[in-house]
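What TrEMBL records for 2-297 is domain 'Phosphofructokinase'. Annotation comment: TrEMBL describes G10 as diphosphate binding site. Among the features that TrEMBL reports, Mg(2+) binding site is placed at E103. As annotated by TrEMBL, site 'Important for catalytic activity and substrate specificity' applies to D104. Here TrEMBL flags K124 as site 'Important for catalytic activity'. Residues or ranges marked as substrate binding site in TrEMBL: T125, I126, D127, R162, M169, G170, R171, E221, R265, H271, I272, Q273, R274. Under the heading active site, proton acceptor, TrEMBL lists D127.
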Amino acid sequence: MRVGVLTGGGDCPGLNAVIRAVVRKGIQVYGYEFVGFRAGWRGPLEGDTIALDVQAVRGILPRGGTILGSSRTNPIKVEGGIERIKDNLAGLGVDALIAIGGEDTLGVAKQLHGAGVNVVGVPKTIDNDLNATDYTFGFDTAVNIAMEAIDRLHTTAESHHRALICEVMGRHAGWIALHAGMAAGANVILIPEKPFDIEKVVEYVESRFKTRYAPIIVVAEGAHPLEGQMAVQTGELDAFGHVRLGGIGQRLADEIEKRTGKEARCTVLGHIQRGGTPTAFDRVLATRFGLQAIDAVHDGEYGKMVALSGTDIVRVDLSAATDRLKTVPVERYEEAEIFFG
Ligand code: F6P
């Protein structure tokens, strides 16, 4: 049996841990051979491969990024893309493919499975917005990075008695903002799921300024104000049609400064949230996902994604994982709101 492995979409800490687990168990227990595909779906589309054996995965467990490289290449947008992938897999003698990615990568995996390719998916994203799994790996690391940054912002904000806005990732789902903001005691958390009222935000900021503390606002990059309240900028689209965001934190800082007369500054954490070594939680989750993925291949259970359910690693249909995004439920936001202001 020859198994292909690829990592697609935005990278995240823990990808290498999955690759290592897949390869180690696949070779040691099942006697399989592996082919690594470079740069997400571009690899199978162009037949661009990399050797993947036990030697290649030695020492990669704590390393961020992905030894295979990643991209947002969308083969469905390429004329004859699916057929080209099928031909390349056949030409390379690849019997099954493990695709490690988020909603876009797994959406392509689902289509390929429908076209007769033996695929198993592994859920990855710092955003934690994939349906049918309790958590994705990468999320815990991103939250810890953001929490540490917010802890640091607290002390400098208090020294200068100014408002500090911390913009974190999350285009459609505010999981990072919610968890990092809650863990670090933010005074306001703004998420894409709930359009914010700038008047209310200013109220929270002003009430905080009355104490010896200074306001810290955590805002997800996809958060937006109630219609008509503030102009926000939109960016260009990627191959999967997602808008490239960034800018809401600075807009908020400008608006808060204008409305309160107090200094406000913005820190955008950006790709720092995706880089570097994974936390212990993410290393273990990614490793367990990898082990389950190669077991699914061994069982011939294709069209599935491995997932976390409670503390168990289970297999769910790829369609359940990609049908809709897992966003922050109202009641989770309400828990955080108790601490606003
Ligand atoms: O999906 C992961 C993610 O990090 C999002 O949180 C973010 O909006 C996006 O990727 C950024 O993508 P890129 O690195 O391609 O700009």
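Think of each number as a place in line: the chain as shown, counted from 1.
Cβ coordinates come from backbone N, Cα and C, glycine included.
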Densest Cβ neighbourhood among M169, I272 (binding-site residues), 10 Å radius: M169
Collapsed DSSP category at R265 (substrate binding site): strand
Annotated recorded positions G10, K124, D127, R265, filtered by Cβ under 6 Å to ligand 1: G10, D127
Candidate nearest R265 (substrate binding site) in space, where candidates are the recorded positions G10, E103, D104 and distance is Cα-Cα: G10
Densest Cβ neighbourhood among K124, R171, R265, R274 (recorded positions), 10 Å radius: K124
Inter-residue Cα distance where the pair is D104 (site 'Important for catalytic activity and substrate specificity') and R274 (substrate binding site), in Å: 17
Reported mean pLDDT - the domain 'Phosphofructokinase' (2-297): 95
From recorded positions G10, E103, D104, K124, the one whose Cα lies nearest I272 (substrate binding site): G10
Neighbouring C-beta atoms (10 Å sphere around the C-beta of the residue listed as 'diphosphate binding site'): 20
Among the substrate-binding set T125, I126, D127, R162, M169, G170, R171, E221, R265, H271, I272, Q273, R274, as the record gives it, the longest Cα-Cα distance in Å: 33
Euclidean distance between Cα atoms of G10 (diphosphate binding site) and T125 (substrate binding site), Å: 7
Greatest C-beta neighbour count within 10 angstroms, which of the recorded positions D104, D127: D127
Other CB atoms, at most 10 A from the CB of T125 (substrate binding site): 26
Helix, strand or coil at K124 (site 'Important for catalytic activity') [DSSP, three-state]: strand
Distance, the residue listed as 'diphosphate binding site' to R171 (substrate binding site) (CA atoms, angstrom): 13
